[in-house]
Every structure is written in C-alpha cells, then in structure tokens.
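Trainee: This is the structure I want to talk about, given as structure tokens.
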Amino acid sequence: MSDDPIVQMTGIRKDFTGVRALDGVDFTLRPGEIHAVMGENGAGKSTLIKVLTGVHTPDAGDILLDGKSVRFHSPGAAQAAGISTVYQEVNLTDNLSVAENLFAGREPRLGPFINFRAMRRKAKALLDDIGIDLNVAAPLSSYSIAMQQLVAIARAVDIEAKVLILDEPTSSLDRDEVAVLLGVMRRLAANGTAMVFISHFLEQVYEISDRMTVLRNGKLVGEWATADLPENELIGHMLGREAVVLEQIERAAAAHHVADETPLVQAVGLGRKGSIAPYDLDVRRGEVVGLAGLLGSGRTETIRLIAGADRADSGSLSFDGAKVGGHNPRTASARGIAYCPENRKTEGLVGDLTVAENMILAMQASRGWARSIPVARRDKLVAEFIEKLDIRPANPDMPVKNLSGGNQQKVLLARWMLIEPKLLILDEPTRGIDVGAKADIQKLVAELSADGMAVLFVSAELDEVTRLSDRIAVLRDRDLIAVLESEADMTTEKIVDTIVAKGGER
Amino acid sequence: MNSYAKRLMWPVLILVALIVVNIAATGIDFIIPSVNDGRLGGAFVNILRRSAPLMLIALGMTLVIATKGIDLSVGAVYAIGAAIACQMIIGQEDQSAAGLIFSAVALALVVTAVIGAWNGTMVAYFGIQPIVATLILMIAGRGIAQLITGGQIPKVQDSSPFTQLGRGEIFTIPLPIWIAALVFVAIALLTRKTALGLLLESVGGNPEASRLAGIRSKGITVLVYLVCGLCAGLAGLIGAANLGSADANNGGLWIELDAILAVVIGGTALLGGRFYLLGTTIGVVIIGTLEDTIINVGLSSQWQFTAKAIVVFAVALLQSPEFRGWILKPFKPKPEAAAPAPAPAEEVPAK
C-alpha cells in the first residue's frame with residue numbers, strides 16, 4: 001500500500017449559492033485499496049464524489065490522477081479517464097435485456113449490426129466472473145433491484161475502471177447479496193482497482209474497507225486505517241459529539257414492558273397469496289414489535305396487510321377490540337393506524353409539495369377536501385413538529401424533495417404524528433439516513449411507545465431491531481416463523497439462529 | 001408566492017410583447033375598449049370574448065393535467081353540448097320560451113358532466129390511461145353529436161334568447177367574458193379555498209403516496225374529469241349561441257390541443273402536480289391574441305398555424321431552465337458577481 005496514490009485531491013473547495021459544501025478537503029486513494037468516505041448526510045460525501053466524477057467542478061483545489069493534474073468537466077470525461085461510478089439507485093434501462101444493459105453504448109459489432117450472440121456470450125462470461133448467475137437475455141426488470149445493482153456493478157467493472165466509486169451500493173441488497181458484492185470488491189481490489197465505498201452500514205464498512213476518510217460539515221476530520229479506528233470513535237468523529245445517544249435508547253426501551261390484557265392489534269391467520277403466508281401477530285399498546293428477517297422474507301408484506309395498503313385474502317384482523325373489515329389506507333388512517341412505507345420517495349412523500357403540505361396530508365385526507373385545515377392552525381402544527389423533530393432546514397415552504405433523507409423521514413413521521421395514531425407502522429425508517437437523524441428517530445420511537453403508542457417496526461439492521469423492540473417477530477421465506485419474547489432471546493445471534501434453524505428444518 | 005410570480009413571468013412577458021406588436025401595427029385602439037350601442041367593444045375585448053370557450057376548457061384541462069391526466073375528448077364534448085341544446089331548441093315552435101332555453105342548457109350541461117364523469121371513471125376505476133380513455137370519446141363524441149343532430153346543422157332563430165349566451169352583454173361587458181370570469185373564480189375558490197387543490201396536486205405528484213396517506217384519489221379524479229366535461233359543455237353552449245348553430249363536425253375542432261397548449265404555456269407541467277389557473281388564463285389570452293396579431297401585422301391567415309408553432313416554440317424554450325441559463329450567460333457580468341444575485345430570489349419564498 002506504499003505505492004503512489006492513484007487519486008490525490010488537495011484543498012478541494014466547492015460552493016453552492018450561499019453554502020460552502022466542501023472546504024479544503026484532502027482525499028487520497030491508493031491502488032488496490034478500498035477506501036470508505038464517512039460522514040453524516042450533508043457532510044460533503046456526495047459533493048466530494050461528484051467533484052471526483054466530474055459532475056461538479058471544484059472552486060479551488062487540485063486533483064491528481066496517476067500523478068497528473070486533471071479537471072473533469074463532465075462525468076463522461078471522468079469515465080474516459082477510468083473513474084466509474086455505481087449509484088445507489090440503479091440507472092440502467094429496465095426493459096432492455098441484461099446483456100444489452102451490460103454492453104449499451106459499446107456493443108460487439110458485426111459490420112454495422114450488433115452481434116447479439118457475442119454480446120450474450122460476453123455478458124455471461126462477465127457475470128460468471130463475478131459469481132452471479134442470470135439469464136442474460138431476460139429483461140433487466142425481471143430481476144430484483146439487488147440483482148440489477150449487481151449488473152450495474154458488473155458493467156462498471158467491465159469498463160476497465162482504475163477507480164470504482166460505489167455510492168451506497170448495498171442499501172437494497174440482502175445479506176447474501178451483500179456477501180457476493182463484498183466478494184466481488186475483494187477480487188477487484190486484489191487486481192489493483194482502487195475503490196471508494198460509501199455506505200451507512202458501519203458493519204459492512206468495517207468488514208471491507210482498508211481506510212476511512214471522515215468528513216463533517218464540509219470539512220475534513222481525518223483519515224485513518226480502518227483497523228485503528230474503533231466504531232464508537234468513528235461515530236464520535238462523524239457526529240462531532242460523544243455517541244451516547246444510542247446507548248440511552250437501549251435503557252429507555254428496556255424500561256417499559258407492558259402486559260396489556262387485550263392487544264391493540266390481533267391478526268389471526270392473516271395472509272395474502274403469493275405475498276405472505278397466514279400469520280398470527282399481536283401488538284399491545286405501548287409496545288414496540290420489531291420484524292426481523294432478510295430482504296424478501298416478507299417483512300414489508302406482513303405490515304402492509306395490517307396497514308391496509310394491501311388486501312388480505314385470508315384470516316382476520318382485529319383492531320382496538322373491533323373486527324376490521326373493508327380495510328384500506330383511508331379506513332386504516334380513520335381507525336388510527338399510521339403507515340410510513342419503506343420507500344419515502346415513491347410511496348411516502350409528494351416531492352413537489354412543500355414540507356408543510358406533506359405534513360398535513362394525512363390529516364387533510366381524513367377531513368376530506370371540503371374541510372380545509374385553517375391556515376393559522378396548520379402553521380402552528382407544522383411549526384410545532386418542525387421544532388419537535390428538529391427538521392432542518394426549518395422551512396415549512398421548501399419543496400420536500402430538497403431535504404436530506406433523514407429530514408424527509410421526519411416529515412413523513414410528522415404527517416402521521418399529526419393524526420395522533422394508536423398504531424404506528426414503520427418500514428425501514430432509518431434506511432439511508434445519517435447517524436444523527438437515525439438516533440433522533442430511534443429516540444422518538446422509544447418516546448412514543450412510552451406514551452402508550454403501539455409501534456410495528458421493520459429494519460434490516462438487527463442491532464436496531466433488538467435495541468428498540470419489546471418483542472421480535474422473525475420471518476423467513478414469506479413466513480412468520482417465530483416471535484421472540486424473552487429478554488434473553490432478544491439478540492442478533494438468536495435472530496440469525498432462528499432464521500438459519502428454520503431453514504435447516506425444511 | 002414568489003415562485004408563483006416567477007412561473008407567470010414568461011407568459012406575461014410574451015403576452016405584453018404580443019400586445020405591443022399589435023399596438024405598433026394598428027394603433028393604441030387595439031387595447032383601449034370602446035363603447036358603442038351600450039356594449040363594450042374594441043379589438044382586445046373581442047379577443048377576450050372569442051377566447052371564452054377556450055378559457056373554460058383550458059381551466060378544466062388544468063385540473064385534469066394536475067392529476068397527471070389529460071382529456072382529449074373536450075372538443076367532442078363541446079360539439080355534443082352544442083348539439084343537444086340546439087337540437088332541443090329547434091324542435092319547438094316557440095324558440096324564445098324561457099323554460100325551453102333553461103331546460104336545453106341544463107340538459108346539455110348534465111349530459112356533458114356525465115360524459116366527464118365517465119372519462120374519470122375509466123381513468124380512476126378501470127385504470128385505463130387517460131390519453132386512451134379520452135381518445136375513445138374524442139372519436140366517438142363527434143359521432144354522438146352527429147346522431148343527435150341527425151347529420152344536419154341545427155340553426156337556432158336569431159331572435160331566440162339562447163343566442164344571448166354568446167352575443168349578449170351585462171353591464172356592457174359581453175356575456176361570454178362574464179361566464180369565463182365566473183367559472184375562473186368558482187374553480188379558483190373550489191381548489192384554493194378548500195383542500196381540493198392540495199389533494200389534487202398530491203394525487204398528481206405521487207398517486208401511490210397519496211393513496212397510502214388516505215386520500216380518496218379515485219373520487220377526486222372522477223370529480224376533476226366531471227368538471228372538465230362540464231366546462232367543455234358550457235364552452236360548446238357559448239360557441240353555439242354565438243354562431244346560432246351547432247356543427248357536429250367542426251364545432252370546437254382541435255380545441256383540446258389549444259387548451260393543452262394554454263395550460264402548458266401557463267406553467268402547469270404535463271407530469272402533473274402543481275397547477276396554475278392564472279397561468280392558464282394568460283396562456284389562453286396569448287393564443288387568442290396571436291390569431292389577431294397575424295392578421296394585424298399583415299400576414300395572410302395561412303400563417304396562423306406556423307405562427308402559433310413559433311410562439312409555442314419560444315415559450316417552451318423560455319420555460320426550459322437549460323435554455324435560459326445558456327441564453328443569459330453572456331449577460332452575466334462575472335460568475336462571482338452573478339452567483340449572489342439569484343440567491344435572494346430563492347430565499348424569499350423561504351419566509
């Protein structure tokens with residue numbers, strides 16, 4: 001690792017109207033290393049990456065690539081110089097085949113025509129090489145988002161990238177797929193490809209990265225070898241405060257254990273064909289029930305039936321002692337069931353509407369269109385929740401799409417807290433958001449449940465599930481296989497064991 | 001408010017430019033209304049009077065487009081509305097009876113509202129794409145109008161009060177202008193004084209998120225298409241009253257395209273979401289003024305379509321942020337000096 005750096009950025013400064021996004025940041029990348037760039041949302045990670053990939057031009061500072069000074073004016077120029085990027089959201093073409101996606105723009109030719117046979121052969125070889133097995137002639141859309149992500153990576157890898165930038169590549173992958181991806185990364189590193197890795201999953205960062213560069217508020221905090229920087233110190237550097245927040249929640253959640261007579265939610269044999277096998281699940285008032293399982297295990301499908309987002313075709317659901325019939329999002333909201341879906345952008349928020357408008361949407365929907373919420377009342381409620389949830393910027397008239405992921409999630413939470421629900425259903429509320437906002441949301445969940453609200457809570461991070469939940473429902477292969485109740489069982493090991501054991505049974 | 005004003009800036013500038021061109025060509029009389037025989041006249045007032053049907057249709061279209069939809073059937077619905085009223089009136093001996101006029105107008109409006117609701121039902125409940133769902137009636141609608149009129153062009157007597165809907169005036173102001181203004185105010189109140197506007201923008205901006213937030217998006221969609229059909233029917237009545245006849249084939253021909261154009265010129269995106277009623281109004285007046293401008297500057301009427309295309313092209317370019325950035329670049333003194341300038345503009349809505 002003593003070789004000359006392949007990328008050396010020094011004193012990078014980037015201003016956006018009125019905001020200094022990067023202020024004198026240095027970044028060094030050596031061949032064959034996996035280098036994590038860490039920081040909260042808004043710390044400048046994305047801007048740094050965009051400067052490197054030519055999306056933004058820096059206002060000051062130098063970039064050396066292979067020792068030569070470069071300045072990219074377009075992503076194409078950076079790519080031509082050997083810097084490839086794989087983004088969080090797959091940007092490939094859904095209705096083209098896997099092979100076509102892999103070779104779009106550089107198809108093998110036969111005279112003026114595309115040689116489809118050669119293309120499929122090369123595509124197969126490329127995917128075999130990184131250890132995934134797909135039908136390359138099938139349209140990309142026939143595969144899961146996770147597989148599409150791997151195809152995007154395969155494409156980037158094949159463009160002979162000297163530098164590969166992976167921006168949250170694992171956020172939609174399950175454990176096995178993450179393992180495949182990390183394996184691919186190791187193989188590439190061994191071949192000398194330098195990689196920049198951005199991820200909110202600290203576990204993965206520690207597993208794969210050699211070095212870390214930490215940013216905070218657009219400034220460089222420092223660079224460390226991963227082995228020299230324990231997790232709590234890293235979080236301390238990222239937050240700029242001692243990371244005690246997460247610890248406190250643990251106690252708050254453990255402090256209350258409610259034994260209520262009649263559960264608020266009683267699902268008996270509730271199921272939906274092709275989506276989730278019939279399951280029984282109770283949720284009591286003031287209780288946090290976590291749902292754990294791998295991606296695709298049926299976590300989201302389970303809660304969507306209770307939320308009324310999907311219609312159950314078997315079993316029954318009781319809420320607050322009464323049988324629920326004709327369940328849909330509107331009647332659910334009228335009963336006091338709030339549902340924050342997994343995908344904030346496509347299912348949660350209306351991007352063009354303002355923060356205030358998004359917040360009052362559920363409340364307004366329950367009043368109907370004819371009874372508008374009075375402006376004064378609206379402004380007061382919105383201001384109250386912006387302050388309570390510490391939404392930044394504290395501007396109710398800003399389009400919600402301009403907010404960071406964490407703040408968007410808070411707006412979504414505020415929307416439902418406004419109608420004072422009895423049951424709050426959260427699907428991956430902390431995915432893809434920064435550590436500070438994550439802690440805020442976890443704290444909020446603990447507080448709400450302490451006030452008597454029931455919470456159903458899905459998270460891919462087992463740590464989070466075990467920390468927050470009073471009971472944990474474990475899912476596997478679209479089947480609810482166990483509910484862990486005792487204190488001793490509430491560990492990540494126990495959850496993993498349960499999933500694995502059930503797998504062995506079959 | 002500020003972003004709202006910014007949206008309207010380019011359409012307003014275009015309209016002002018068109019008016020200036022007309023004044024230069026025909027004198028200041030173009031814009032100054034004249035009063036003769038106790039009725040308001042003059043070139044510009046006539047433009048407004050003639051634009052009233054388009055105005056009504058464009059307002060309805062604005063709401064439909066806000067829901068991510070489109071209504072191609074409005075021209076055909078216009079013809080149906082006109083055909084029903086005229087056919088009913090000419091069937092009677094006394095074409096001046098108030099009861100007859102009233103019931104003819106009412107029947108036309110009820111039928112066109114039902115047609116609109118049918119469009120909305122196909123879109124909201126049957127999940128048919130709006131462009132396809134309304135295309136059906138765009139084609140079938142004129143056939144229905146022909147069946148109503150029996151393939152003839154019914155001519156209402158000039159003495160019938162029905163024609164006043166297009167030719168009359170109240171307090172010297174032409175009746176069509178009154179109707180268009182009243183409908184504008186009604187729709188503005190309906191959408192902005194209730195929560196309908198917000199829910200519409202939410203449904204158009206993100207249908208799934210709106211459903212999960214508990215919004216009755218299907219009902220709202222049907223309502224919006226109903227209003228659009230009603231507006232088209234009313235526009236048909238004004239048009240028929242003005243001509244004194246209902247032409248099933250040519251009444252309101254291509255008006256759907258002008259209406260979509262007016263909506264887009266006014267700043268409402270075809271992708272749905274935010275909508276701008278005032279912008280649509282300006283768009284309508286631009287289109288109306290343009291037709292006169294071509295004659296006034298001495299071009300033959302054959303230029304009409306080409307000139308319209310050129311103006312549309314100009315508006316589309318001016319509304320494109322990329323194009324504006326490119327064309328304004330030489331006028332920015334220095335990047336450093338220019339940067340702070342737009343900042344306050346962004347911050348005002350922040351207030």
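Yeah, the Cβs are placed from backbone N, Cα and C, and that goes for glycine too.
Sharing the feature lines straight out of TrEMBL:
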- B:12-35: transmembrane segment (TRANSMEM)
- B:47-65: transmembrane segment (TRANSMEM)
- B:72-90: transmembrane segment (TRANSMEM)
- B:96-118: transmembrane segment (TRANSMEM)
- B:130-150: transmembrane segment (TRANSMEM)
- B:170-190: transmembrane segment (TRANSMEM)
- B:220-241: transmembrane segment (TRANSMEM)
- B:253-272: transmembrane segment (TRANSMEM)
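Buried or exposed, and what's around them? Tell me for each listed feature.
Mentor: Within the same chain, residues 41-45, 172, 265, 282, 285-286, 289-290, 292-293, 296-298, 311, 314-315, 318 sit at least 6 positions outside the transmembrane segment (B:12-35) and bring their C-beta atoms closer than 8 Å to a C-beta of that stretch.
Sequence-remote contacts of a segment are chain residues at least 6 beyond its ends whose Cβ falls under 8 Å from one of its Cβ atoms, and for the transmembrane segment (B:130-150) they are 64, 68-73, 75-77, 79-80, 82-84, 86-87, 115, 118-119, 122-123, 246, 248-249, 251, 256.
Within the chain, the transmembrane segment (B:170-190) has long-range Cβ neighbours (under 8 A, six or more residues past its boundaries) at 35, 38-40, 45, 48-49, 51-53, 55-56, 59, 63, 164, 196, 227, 231, 234, 238, 242, 277, 281.
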Trainee: To the transmembrane segment (B:47-65), which of B:72-90, B:96-118, B:253-272 is linked by the most Cβ pairs under 8 Å?
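Mentor: The listed stretch sharing the most Cβ pairs with the transmembrane segment (B:47-65) is B:253-272.
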Trainee: Spell out yes or no: are there three or more C-beta pairs under 8 angstroms between the transmembrane segment (B:96-118) and the transmembrane segment (B:253-272), with each pair 6 or more apart in sequence?
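Mentor: When sequence-distant Cβ pairs are counted, the transmembrane segment (B:253-272) does not touch the transmembrane segment (B:96-118), since fewer than 3 lie under 8 Å.
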